[in-house]
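J.: Annotations per TrEMBL:
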- 12-32: transmembrane segment (TRANSMEM)
- 44-62: transmembrane segment (TRANSMEM)
- 74-94: transmembrane segment (TRANSMEM)
- 100-125: transmembrane segment (TRANSMEM)
- 163-180: transmembrane segment (TRANSMEM)
- 186-204: transmembrane segment (TRANSMEM)
- 209-229: transmembrane segment (TRANSMEM)
- 306-327: transmembrane segment (TRANSMEM)
- 339-366: transmembrane segment (TRANSMEM)
- 372-391: transmembrane segment (TRANSMEM)
Amino acid sequence: MKKIINNLYNLDLWIVMPYLILCTTGIIMVYSASSNLGSSPLKFMLKQLIYVIIGIILLVGCSHIRIHKLMNRTVIGCFSALFLIAFFALKFFGQSINGAAGWFTIAGFSLQPSEFSKLFLIIYISNELSKNYKYLIDDNGGLHRFHWLTFWRHRSTKEWAKSMLPPIVYSIVIVGFIYVQPDLGGSIINAAIVIVLIMASGAFNWKQAVGTSCVCIVGLLSFVSFYYIPKALSPAGQNNYQYQRIVAWLQPFQHAQDVGKQLVNSFYAQSNGGVFGVGLGNSVEKTGYLPEPNTDFIMAVIAEELGLIAIIIIMVLLGIIVARTVLIGIRDHDAYYSLICYGVATYMTVEMLFNMGGVVGLLPITGVTFPFISYGGSSMITLSAALGLVLNIDRTQRRRQFAVQVKES
């Protein structure tokens with residue numbers, strides 16, 4: 001017991017304390033936001049509490065595992081097979097929410113495979129890219145911090161392509177399966193994680209970066225021009241929920257009675273809340289006016305009940321976690337560990353931006369939840385496990401520093 005307490009004490013409080021505050025806030029606000037959903041809000045709160053407890057257990061557990069043991073061929077093969085089976089099964093047995101068949105419901109609990117794929121991609125891509133690093137050994141036998149652009153091992157384009165194509169193709173397959181569910185938000189987040197990791201690894205020199213960017217831009221424009229726009233302009237396409245979300249984003253008040261209803265009521269909630277809010281539990285918009293008040297639009301409910309000041313505090317707390325995660329990645333000498341930290345930071349940041357962007361009307365609504373606050377188990381469990389890996393890396397750094405200090409003394 002004493003050993004467990006000591007291990008918990010050694011966890012980075014700059015991550016643990018904001019994490020616990022956000023999770024507690026999420027439990028309280030899920031209860032408040034669920035009070036008019038036709039079922040007891042206590043049911044939603046208890047489920048969220050279970051998700052948080054599982055998340056904390058995973059956070060502590062992942063902070064003590066050996067990360068390098070995760071990515072052997074057997075583990076990769078097993079998880080790859082599980083994801084492929086899950087994505088195929090979703091087409092036949094998945095629960096459809098807002099047009100996307102992306103959930104399994106088991107014993108009253110919903111699981112979303114695309115959430116778990118984000119953490120798996122972070123670990124897999126980080127492992128593949130870190131194989132291509134070499135380090136500069138100093139006169140004392142120590143390792144200099146690697147430079148993102150200087151120490152990429154492969155020199156020729158052929159060798160570079162041989163190294164990079166497997167993780168890129170693998171990522172495209174995973175992102176493609178998520179997109180066809182269809183889950184545009186999940187596919188974009190997974191793609192963003194992969195892109196940031198590849199760019200952060202220094203795998204591209206300026207010629208390769210420019211060339212790859214041009215190919216991606218041309219491909220995206222071609223897809224939009226020859227596939228998406230004609231499909232959207234057809235009668236069937238205009239009934240598609242993704243098209244309707246774009247219309248609601250561009251012209252919310254012109255469609256306030258149909259597709260723009262949730263965004264317009266989100267605006268009303270924020271306006272009604274002002275700086276200090278109308279008080280916990282006193283939201284008007286959650287009483288049937290605001291769809292998904294405990295998931296996609298929970299931040300609108302918080303803005304109405306607790307005000308702008310609460311939104312700022314939540315954003316600052318999440319910002320502290322992200323900044324600390326990036327800092328841990330920067331100061332680590334192991335490329336694998338550093339890339340994991342950057343991937344986790346990207347994961348949290350993109351989800352936060354997509355959710356808040358949708359709530360305030362800066363981005364189309366994508367159905368992405370707010371980290372640690374929104375109701376839902378898949379996101380809470382995956383993000384908690386991801387933070388556990390970051391804490392694991394931080395503990396490893398501390399052990400290294402302690403060993404160096406002992407050696408020097």
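The backbone N, Cα and C atoms fix where each Cβ goes, and this holds for glycine too.
Walk me through the surroundings of each of these features.
T.: Residues 41-42, 44-45, 48-49, 52, 55-56, 59, 280-281, 283, 286, 294, 298, 301-302, 305, 314, 317-318, 320-321, 324-325, 328, 371-375, 380, 384, 387, 390-391, 394 of the same chain sit 6 or more residues outside the transmembrane segment (12-32) yet have a Cβ under 8 Å from a Cβ within it.
Counting residues 6+ beyond its ends, the transmembrane segment (44-62) has Cβ neighbours under 8 Å at 7-8, 11, 19, 23, 26-27, 30-31, 34, 37, 108-109, 294, 375-377, 380-381, 383-389, 391-392 in the same chain.
Here the transmembrane segment (372-391) has Cβ contacts under 8 Å with residues 11-12, 15-16, 19, 22-23, 25-26, 29-30, 33-34, 44, 47-48, 50-52, 54-56, 58-63, 67, 109-112, 115-116, 118-119, 122-123, 294-296, 298-299, 302, 314, 318, 321, 325, 328, 340-341, 344, 347-348, 351, 355 of the same chain, all six or more residues outside its ends.
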J.: As a test: from 163-180, 186-204, 306-327, pick the stretch that has the greatest number of Cβ pairs under 8 Å with the transmembrane segment (339-366).
T.: 186-204
J.: What same-chain residues lie close to the transmembrane segment (306-327): Cβ under 8 Å, and 6 or more beyond its ends?
T.: 12, 14-15, 18-19, 21-22, 25, 270, 273-277, 280, 299, 341-342, 344-345, 348-349, 352, 356, 371-373, 387, 390
